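Participant: Under the heading Zn(2+) binding site, Swiss-Prot lists HIS18, HIS22, citing sequence analysis as support. The feature active site is assigned by Swiss-Prot to GLU19. Sequence annotations record features per position, and here Swiss-Prot assigns transmembrane segment to 93-115, 376-398, 419-438. Under the heading domain 'PDZ', Swiss-Prot lists 100-181.
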Amino acid sequence: MHTLLAFIFAILILVSLHEFGHYIVARLCGVKVVRFSVGFGKPFFTRKRGDTEWCLAPIPLGGYVKMVDTREGEVSEADLPYAFDKQHPAKRIAIVAAGPLTNLALAVLLYGLSFSFGVTELRPYVGTVEPDTIAARAGFQSGDKIQSVNGTPVADWGSAQTEIVLNLEAGKVAVGVQTASGAQTVRTIDAAGTPEAGKIAKNQGYIGLMPFKITTVAGGVEKGSPAEKAGLKPGDRLTAADGKPIASWQEWANLTRQSPGKKITLTYERAGQTHTADIRPDTVEQPDHTLIGRVGLRPQPDRAWDAQIRRSYRPSVVRAFGMGWEKTVSHSWTTLKFFGKLISGNASVSHISGPLTIADIAGQSAELGLQSYLEFLALVSISLGVLNLLPVPVLDGGHLVFYTAEWIRGKPLGERVQNIGLRFGLALMMLMMAVAFFNDVTRLLG
């Protein structure tokens, strides 16, 4: 229910403001608006105010603004001056562009509001490399500072991860790093076409790198877990399992995952004294029906390293909204690059998410707090704005192309050309929606 409410609220905000952008500019341009609807289908709420019918409909996958238009039915003589299709192309361009531009402006405001509460930045340093992962096979080492991905400079951990994941299935990914010793080198990830890369793309997942260094000290023990039953407490240092030394937390985590229901004899230190305990990991079924072990221990991060890579501060309100602008421009450019890679075949369609995934992320971000949810809304608003500006007929961007061509030529494009374009655009969007739903379902099924 929490996830559903977070998703519905997000759709109401983002779609309402997108359509309100169209509505406001249409009214400013003297166009009569007949209906403003959030959602598709038969409205369950209708309120008439002035010339406009305001509606809420049950399918929360979009909305629309219906204007007087001679192409969509008979228009009275009195309403002809207020018909959308009778306006100068410049006015129609302004009306159509207003929706996606409102989404981009909203993203700036949402990011700015979030940043005004405080900002935490993670520098692009590798803290931990998990064994037997894409990153480990590429030769990444703890202490590497990621400087660029395929020649694109990266300034923080999030940007570095996004660039790597988006390029993963396009071919070799050249990651420029500065090693812990200060040497400049390139780590090459060659995972295109592998099942592992496909899984990472579909789940926007984990390539085996973490910014944090994790010690072999227990940072937390879950109540009722096998670890608590065995007597473990926060601060215990794990030293050996079944007589073999534990070199890293990843080693211990891999052992427990591979040992569901099997007894493990753990050696640990507490207050300078050595203790042993028998732990039998709980058996947990994953979405793909594989069974893993879980003991309920969380690691303690290396606090000195954490202080080195993490920077927390509270910018001024002016600076916060300036950062919101920068973040919106950056994410818009990343989204455009992704669509370009998608068209050229250099990005996987597995990255496309539908409403189920968006709803899941909405719920997760809302649980993390207001800032996380605001930034989720901003990111989806950017995606909505950029997507609608693409020059695809049926989208706002496609209509912008038609009206710009009309302005240049002095007359509209032929009806046949427009119809072919609209059919092509509709087919493309139906295909994209089908892929998005397919990806959603396969993600849910693991």
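The backbone N, Cα and C atoms fix where each Cβ goes, and this holds for glycine too.
Not measured: the values here are computed from a predicted model.
Please situate the listed features within the shown structure.
Facilitator: Reduced to three states, the DSSP call for HIS22 (Zn(2+) binding site) is helix.
Long-range neighbours of GLU19 (active site) (same chain, six or more residues apart, CB within less than 8 Å of its CB): PHE36, SER37, VAL38, GLY63, TYR64, VAL65, GLY99.
Residues 14, 17-22, 24-26, 29, 31, 67, 84, 87, 315, 317, 320-325, 327-328, 331-332, 370-371, 374-375, 377-379, 381-382, 384-389, 396-397, 399-400, 403-404, 407 of the same chain, all 6+ positions outside the transmembrane segment (93-115), place their C-beta atoms under 8 angstroms from a C-beta of that stretch.
Averaged over the domain 'PDZ' (100-181), the predicted model reaches a pLDDT of 90.
Within its own chain, the transmembrane segment (419-438) is flanked in space by residues 349, 352-356, 392-395, 398, 402, which lie at least six positions past its ends and keep a Cβ under 8 Å from the stretch.
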Participant: Restricting to the same chain and to sequence separations of six or more, state which residues have a Cβ under 8 Å from that of HIS18 (Zn(2+) binding site).
Facilitator: GLY63, GLY99, PRO100, THR102, ASN103, LEU384, GLY385, ASN388
Participant: Counting across all protein chains shown, how many other Cβ atoms sit within 10 Å of the Cβ of HIS22 (Zn(2+) binding site)?
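Facilitator: I count 25 other Cβ atoms within 10 Å of it.
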